[in-house]
Amino acid sequence: KVKYFKLLPHNLPHPVFFLFLAWSVRLLLLEGVSPADPSCNMSEIGEIDEGFYSRQLYVLGHDAMHRMGTASVLIAGMRGLGIEIAKNVILSGVKSVTIQDEGQTVWTDLSSQFFLKEAHLGQNRATCSIQQLSALNPRVRVFAHTGPLDDTLLLQFQVVVLTDSSLDDQKRFGELCHLHGIKFIVADTKGLCGQLFCDFGEEFEVLDRDGEAPESATIQSISKADPGVVLCTDEQSHKFSDGCKVSFSEVQGMTELNSIGPVEIKYRGEYSFSIGDTSAFSEYKRGGIVTEVKQPLRLHFKPLSEALLDTKLLVMNDFGKISRHKTLHLAFQALHSFVKKEQRLPDADALLDMVRELNTVAKLKQLDEAAVQKLSYTARGDLAPMNAFIGGLAAQEVIKACSGKFMPLQQWLYFDAFECLPEVEDQLGTRYDGQIAVFGSAFQKKLERQKYFLVGAGAIGCELLKNFALIGLGAGEEGHITVTDMDFIEKSNLNRQFLFRSQDIGKPKSEVAAKAVQEMNPQMKITAHQNRLDPDSEAVFDYNFFMGLDGVAAALDNVEARIYLDQRCIQHQKPMLEGGTQGSKGHTLVVVPHLTESYGQPKTNANNAIPLCTLKNFPHRIEHTLQWARDQFEGQFKQTPENVNLFLSDEGFVERTLGHGDAEALEVLGGVWNSLEDIKDGGQHPTSWEDCVSWARCKWETVYNNDIRQLLHCLPPEKVTATGLPFWSGSKRCPHPLTFDLKNTTHMEYVVAAANLYGQIYGIKGTRDCTSIREILEKVHVPPFTPKSSVKIHVTDKEMKEAKERDTRLEELKGKLASPSMKSSAKQMYPIDFEKDDDSNFHMDYIVAASNLRAENYDIPAADRHKSKGIAGRIIPAIATTTAAVAGLMCLELYKLVQGHQNISSYRTSYFILAVQHYVWCQPGRPRSFEVSNSSMLFMLYEPSFKAQTQNGYQPDSKPKQLLGSHFRSSLRAYPGELFCYPCTGLTAFSLNTSPLDGNQILELPSPASHSEH
């Protein structure tokens, strides 16, 4: 207000004054003034709140987030689809969002608009939604515009999104935006159909097509020829494609490559590629890293009025529905035309006639007339799951438009879920009218009677609960939702778990989420638990609990928990909905008893594990030094204190440890003794803060100087292999020792973090005061070190495993630890659990400094705190758009489960990557089955594998499992002569005389008389 009142001349007459005042107010509206504090806007302060945007930053990166922080977005239409888009865009962190809607809240809005309540009926949708939207992210300015759309308004924004709009408005405003370089998006849902359109202008630059980290490889050799051939080390194949551009670094000998620009390559094989003429360059000696250089891409878009006529611009996301989606392109146009003329939705015949007329111009070879009929039947429906999916996709396009990251949609996308359809009937006057318009009132009552178990109240869990509230799942007298999540809300959750606010930090996720959705739909009946779903909670989630359920939804963040829940669902014959995300990638799965395959065991890939010898002696990537730092943290500040506590409380600890092998026993028992023996007596037990600083300084000297000197003593830089090649070449980087420097920031950061953490495990209070720490360091005595020739350096993991030298120190340690005085004077220690998201606890301070110092030893480029946190903390990138889309697809499958569909072709397993417009929908796999000879029973490989003992001792699974009905798990393999011993009433044992089972096979049994009935 002050800003614009300062513009007012003081001598204006009253009528002119009020005109000027009205103009000022309009400017305020157009600028997007929000109740949020403008100082929070990251575009103004130039900083990103890494605590809030933590997981999203690993999807988009800092540069893209900064570009987004300068963008103002207009979202027109605040029904279910519009609110989904607004929610996701606000969470993503643009500069400002304006929501526009002239309409008043009606009953049908409540079936999908989660910020509207019955009390809002008759009030403006945008006005009723602004407070809740503003609370999602105070860093984004949000305001409402309740007037009509016009050119003046649209010209204030960089991105315009239309929902619930007429085709005339889409054409008119599309032309305006195209002419003025404004990114233009149209999103729409009609019942079980969705439509999305993008126009990012005449020339739009994509800075990063897929968001994946640039590929890199270690160089083995480079030929001096035309063309030069680059051979990469054989630790893994390079991922470069023909024609991509790469840069070189750290090449010794042929150093000219280090200074030239990006070079285009030609693919030659898994481990080699050619570049340009290198014949005039110096001779290659050793080393070098080749890294992909991503090139920007310029795209051209057609305005909507032109794109309507070009069916080649349809992005096919389901290749079983090509004809259907081309037909829907015409059907949506016909729908708009009919509504404009008749002011109502058309019947099936009228809509089909209009589509046929449009096809006289479009000339599609095949019309999907059934799809047109289904669209006409369901067009007045407004479904939360459809809005969640299309809204997630549309918001992702907004992010692309604002950031230049990821490939935008070019230019049309259609999606349908007609597989969900039952018979249609009508009922009006309830909050579920938008859904009843599609499925009917009988189905609505069935939804309300459902009893569902939601495991996880994180990102996907919040979105699912929102959808459950909107569709009325478990909201009837007989219905109920149970949700469990043992986690508490953290700041980093707020960016995508939209049911939580800053005042909820520290509270249980399940309780806050349950309360939030009950406010959305007061009819919801929901119980919140804080139990982890594992064998320890089976007394809570027992047989009676599972047998009382209609189904289960998994919103989990780890594979182990999914497998366990899958087994419980199989055991109790309950359907399961499952979904997961990683950045812009999403996946959904539905498990239907007796119909589809189960979730199953993961297909592990041991090749991703870093070899121990690489971590210990030969790191060559920052991932290696970060894993080494994490191992150091776990060993020094968690495992050793835990071992000390076990030693003090468990009489058999020492003998049990000795049984694990000499090397492990020496490490564990040595750590216990050092931790208990005072420093003055030769141990490492501190009695003061000064002792902690001294330990940290000496530890620095050991790992960054002494250990490296010992390694180079055993494997000197000039060492060659048996074949005459340099030992320190390829992926083996020759290290160099570091010298401690009080003025070096990283050196001090290591000491400060290590000393404080060391103090914490002993209950000694530390400090961040570097001045006082430097004073202590100046007095620390660092013991001298001389490398020993007797030390053996293991070059491979195999050598490490084969090393079984008996160390005489073990007996000495055993004797020392057996001393009664050792335990009598000792105190319990305080193990530290690694927590990456607390910047005050020294955990990441230690990891970053420890890793970067080791990287400096090996001349590996250092990593900043953000990158280090992502790798060491094993953070899974996450963004709200993907989460919303996954939850929407899961609830579309929920519709089918509730109806009891038994045709497997009705169900869908989905995979998608929003970054590059990649979508795959496929029918779930059937459980593999086999027939038992002399029996009419058909067995399916669905249930977890049971205990198997063979004549030759082969035992694939020694853990007994239950056999329920006729279901087995798909991982079962049978071999000739195997004897299956099963501890259940009836079936006792049988042998298999067949080849390894694969698909349908006949299993020959002994005489049926030898078996009881089962």
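Cβ coordinates are placed from backbone N, Cα and C, and glycine is handled just like the others.
TrEMBL annotations: computationally assigned, not manually curated.
These come from TrEMBL:
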- 1-35: signal peptide (SIGNAL)
- 226-294: domain 'Ubiquitin-activating enzyme E1 FCCH' (DOMAIN)
- 295-348: domain 'Ubiquitin-activating enzyme E1 four-helix bundle' (DOMAIN)
- 432-908: domain 'THIF-type NAD/FAD binding fold' (DOMAIN)
- Cys613: active site, glycyl thioester intermediate (ACT_SITE)
- 619-869: domain 'Ubiquitin-activating enzyme SCCH' (DOMAIN)
CB contacts for the residue listed as 'active site, glycyl thioester intermediate' [other CB atoms within 10 A, all chains]: 16
The domain 'Ubiquitin-activating enzyme E1 FCCH' (226-294) - residue tally per DSSP class, helix then strand then coil: 4 helix, 24 strand, 41 coil
Mean of pLDDT values spanning the domain 'Ubiquitin-activating enzyme E1 FCCH' (226-294): 90
DSSP-derived helix, strand and coil totals, residue by residue, for the domain 'Ubiquitin-activating enzyme E1 four-helix bundle' (295-348): 29 helix, 4 strand, 21 coil
